[in-house]
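K.L.:
Pulled the feature table from TrEMBL, pasting it below:
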| type | residues | note |
| --- | --- | --- |
| DOMAIN | 3-24 | domain '23S rRNA (guanine(745)-N(1))-methyltransferase N-terminal' |
| BINDING | C7, H11 | Zn(2+) binding site |
| BINDING | Y51, T76, G77, H165 | S-adenosyl-L-methionine binding site |
| DOMAIN | 69-150 | domain 'Methyltransferase' |
Amino acid sequence: MGRSMGCPNGHRFDLAKHGYVSLLSGKGTSHRSDTPEMVASRTAVFNDGLYDPIMAAVAAAVPAGAGAVVDAAAGTGAYLAAALSDSADRRVGIAVDLSKSCARAAARSHPRVVSVVADLWAQIPIADRSADAVLSVFAPRNVTETARVLGTGGRWVIVTPNPDHLAEIVEPMGMLRVGDGKTERLAVDLAGSFEICSQERVSARLDLTTARLADIAGMGPAGFHRTRPELDAAAHALAGDTTASATLDVTVTVARLAG
Ligand SMILES: C[S@@+](CC[C@H](N)C(=O)[O-])C[C@H]1O[C@@H](n2cnc3c(N)ncnc32)[C@H](O)[C@@H]1O
């Protein structure tokens, strides 16, 4: 018999054999979530250490004493795993994502990660004031829900791309351009509910093989509308038999509840 979890209202949620629990109801959601191909591309990029500077900055931004860390739209769980790796054994992670492929990867990302399929726009599936940190990395942000789940002294760690992020490869690889003002828009979103404690710019130069060029494009929104052969062809046109360079350029914002 399969394992399941229950809630006080009598609902039962089955634990998938791949180690995550899905809290989506029968009608599911209208939001688009990452595909298995996008997860594979993201995993290849992370396994090569290409995003390590961002992972290190996110892990360092989580308060040292944080026990429960929620990764809201966790993807493969790599950022959450980084935040758990250097911490004391008592720190646990809750990975939340709409995509089953992501949830499956996140369930394997670290022994102390619990992986949940849920729609962030409906709810972050944990109790009021029970998280010490919430991570939102290149992710949709539900300000009201984050304010509800963060405990006193909790921190919201947010990664947003800057206009120069991967700028050299955006057009040739058919990726979406980062609009100006993402960081400014974040400040507007947070105003009233959160206060910004710190903002750190993280940048690095990447040398990308054709395979990783296609992966970096394919792990983002381009992965929804371009096939792998199209991405490979664009990567070959850009880098030929060598590599192409691109800049990582993001802002890591740490915020706390206002008042
Ligand atoms: C750009 S990816 C970032 C993933 C991860 N934070 C990272 O940086 O590797 C955005 C993630 O948001 C998830 N997502 C999109 N809409 C969502 C929703 N409504 N609720 C939960 N997750 C969602 C996608 O499945 C995807 O994994």
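Just so it is clear, glycine is given a Cβ too, placed from its N, Cα and C backbone atoms.
In TrEMBL, annotation is done automatically, which means it is predicted and not curated.
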K.L.:
State, in Å as a whole number, the widest CA to CA span among the S-adenosyl-L-methionine-binding residues Y51, T76, G77, H165 given in the record.
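P.N.:
The widest Cα-Cα gap among those binding residues is 21 Å.
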K.L.:
Which residue, of the binding-site residues H11, H165, has its CB surrounded by the fewest other CB atoms within 10 A?
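P.N.:
Relative to the other binding-site residues in H11, H165, H11 has the fewest Cβ atoms within 10 Å.
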K.L.:
Calculate the distance in Å between the alpha carbons (Cα) of Y51 (S-adenosyl-L-methionine binding site) and H11 (Zn(2+) binding site), and round it to a whole number.
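P.N.:
Just about 39 Å between their Cα atoms.
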K.L.:
Enumerate in sequence order the binding-site residues H11, Y51, G77, H165 whose Cβ-atom distance to ligand 1 is under 6 angstroms.
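P.N.:
By the Cβ criterion, which requires under 6 Å to ligand 1, there are no hits.
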K.L.:
Mind checking how the domain 'Methyltransferase' (69-150) divides into helix, strand and coil residues in DSSP?
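P.N.:
Secondary-structure composition of the domain 'Methyltransferase' (69-150): 23 helix, 23 strand, 36 coil.
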